Amino acid sequence: MLPNKPIKETAMQSLSNRKKIIEQKPMNFWERMYLPAIAKGLGITIRHFFKKIPTVKYPEETRPYSKNFRGQHSLKRDEQGRERCTACGLCALSCPAEAITMTAAERKKGEEMLYREEKYASVYEINMLRCIFCGLCEEACPKEAIYLDGPHVTADYLRKDFIYGKDKLVEPTFDITKLIQDKTS
Amino acid sequence: MSVFYLVAFLAIFFALMTIFTKNPVHSVLYLVVTFFTLTIHYILLNAQFLAVVNFIVYMGAIMVLFLFVLMLLNMNEESEPMKSNLVKVMGAIAGICLIATFLGAFKVIAPNNEFVVGNAEVGLVKNLGKVLFNEFLLPFEISSILLLTAMVGAVLLAKKEVKKI
Amino acid sequence: MEGAFILEKLILVVIVFTVSLVIAMYSTLAERKIAGFMQDRHGPNRAGFGGLLQPLCDGGKFFFKEEIIPAGAHRPLFILGPTLAIITACISSAVIPWGQTLTVGNREVVLQVADINVGVLYIFGVVALGVYGIMIGGWASNNKFSLLGAIRAASQSISYEIGMGLSLIALLMVTQTLSMSEIVAQQSGFVNWNIWVQPIGFLIFMTCAFAECNRVPFDLPECETELVGGYHTEYSSMKLGLYMFSEYINMFVSSALMAALYFGGYNFPFMHDLGLSQNWITILGVLAFFLKIFGFIFFFMWIRWTLPRFRYDQLMNLGWKMLIPLAIANIVLTGVITLIKDTYFA
């Protein structure tokens, strides 16, 4: 609050000319009664009373995610339901937070329906506490195997529970012809 | 009549408790209860206005102020100063004076006195107002001037002295 | 006949008691809902439809919470405090006329618990007593914040009682009676409401009622920012609940009092032109009365979410230097107008 007396303007000249010197006048009788001010305040609150409430009742209604929202990672499958990841390690390399680790393994005979490439990730872990959801792994992946298209990563009680393995990351199998996901995998 | 004896007993009991308790806050609370029993006495006498005024003024305001001051002072047994003999003598004299006054009053107000038997309706607001503003107008106004003087005095005491330059 | 009379009054007492408790209960919900709406949010809406079961849940929570009595507290007085607060809050509604007479069989039932001829003063006295609950509780807690809250409550309620009483005197000069039922009966018809004769008096009375109920903007006894919780800092469980309850019951009774004294009580416009039977008029009158009461309760809450809390010296200045002189001026004005009316227009 500025004092009543205007400050001497010798030391500093205002360049923009937008400076205003506010003068505090003593209140007149009507203002000192406060009743008009109270009525004005009541008017404001009652206007808000009838306003539309912007709150979203969360568990019942959810707000739509943005198209380029980056949520929880999912390891994708191809059209035959095989895992696309070939454990090349580019995602782990590109990750600025060093949240991704993996162990590669060779595909055995009879596993052709499970893994698309000859090399696959037997362990694939993302530490969700380290991850910053920047999406660089998505960009680095040459096999289009990882996408950050899931929902928010939920809260948990223990740090170890935030290290998501393949059980949580690999997307469930689905039949491309029916486009209906099933939860068998 | 039995109600009267019960209430009278309670009044005396709590009045004695007021004096005999060590803790000043308890003492004031007992005094509040004593005033409450007095209010019941007024109601028994059909003096509704006096009852309510006793209730509001004594219980609701004066005793609250008593309590207020006592709570701020935080008195307890250790900090209580020894009472000198002079105070005790003064107390005894005052007590004897009070008893003398009571005895005199009892003698004047015999059960057949007109003030005692009198009009039972006199305690109602309307009648009381008429009596106050007709027969007892002068004492009423004088007492109001007394109160005004006290009020002015209180304001004067409470106001800080303005320093003269 | 005597037995029937006692039974009738007993039923009425139970009804009034229940209604005031239920209203106090749902005031807590209404308060939070209204706060929500005024701040563009929903307020509690999880328990029951739109949060309707919220007060029950709160009550249940209060009952099952651990009860703590501090080691340094004065035990009997600590328990007496909230008890006194709730008792005084509950008995003050005894003289409020809730409606006209209902004819049940061949009995005329007056919808008022006690029609004593000093009804207004009775309410006044009980309200004055209400501060003991707060003071005793605050002192017995043996906590400096509680004590400060109690002292604030005491000085505030004494100061505003004076203003309240003086504003009422002007009203009583107009009505010429102290009986609540007569005051309400006089206000039959919209133009006869006392608010039209005593607008200043009503304003003073309402301000003082806010202060007496310890409501915002005069809730300094429990001012959280300065005094933690004020007089109920040390209270927990249902004892705290009783203090809260007594506050809301006080609010309900004050609303009823304002509606009865200034806004015609159970009278509603055109009540005798509808051609209804007496019982129906009474029932509609009770509804109208409660509508007015709810209006005032809403206003209490509306003010709460509009105005900030006063500072303590501002509170005292308002009470002693504004309201009391204004109330006295109002008395003089009323007297002069009454005199002129009686002399020249009688």
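Cβ from N, Cα, C; glycine included.
Taken from TrEMBL, the feature transmembrane segment covers C:6-29 (among others).
If you look up TrEMBL, you'll see C:77-99 (among others) marked as transmembrane segment.
Annotation source TrEMBL lists transmembrane segment at C:119-141 (among others).
Same-chain residues lying 6 or more positions outside the transmembrane segment (C:162-181) and placing a CB less than 8 Å from one of its CB atoms are 95-97, 110, 112, 115-121, 123-124, 194, 197-198, 200-202, 204-205, 207-209, 212, 260-262, 319, 323-324, 327-328, 330-331, 333-335, 338. What TrEMBL records for C:162-181 (among others) is transmembrane segment.
Feature annotation from TrEMBL assigns transmembrane segment to C:193-211 (among others).
The feature transmembrane segment is assigned by TrEMBL to C:248-268 (among others). For the transmembrane segment (C:248-268), the residues of the chain that approach it from at least six positions outside its boundaries are 20-21, 23-25, 27-28, 86, 89-90, 92-93, 96-100, 120, 123, 127, 130, 168, 171, 180, 183-184, 187-190, 192-195, 198, 201-202, 205-206, 209, 212-215, 282, 284-286, 288-289, 292-297, 300, judged by C-beta separation under 8 angstroms.
TrEMBL lists C:280-303 (among others) with the feature transmembrane segment.
Residues or ranges marked as transmembrane segment by TrEMBL: C:323-340 (among others).
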Annotated stretches the transmembrane segment (C:119-141) and the transmembrane segment (C:77-99) touching (3 or more Cβ pairs under 8 Å): yes
Non-local residues, at least 6 beyond the ends, that sit with Cβ under 8 Å of the transmembrane segment (C:280-303): 23, 27, 30-31, 34-35, 38, 98-102, 111, 210, 213, 215-217, 251-252, 254-256, 258-260, 263-268, 271-272, 274
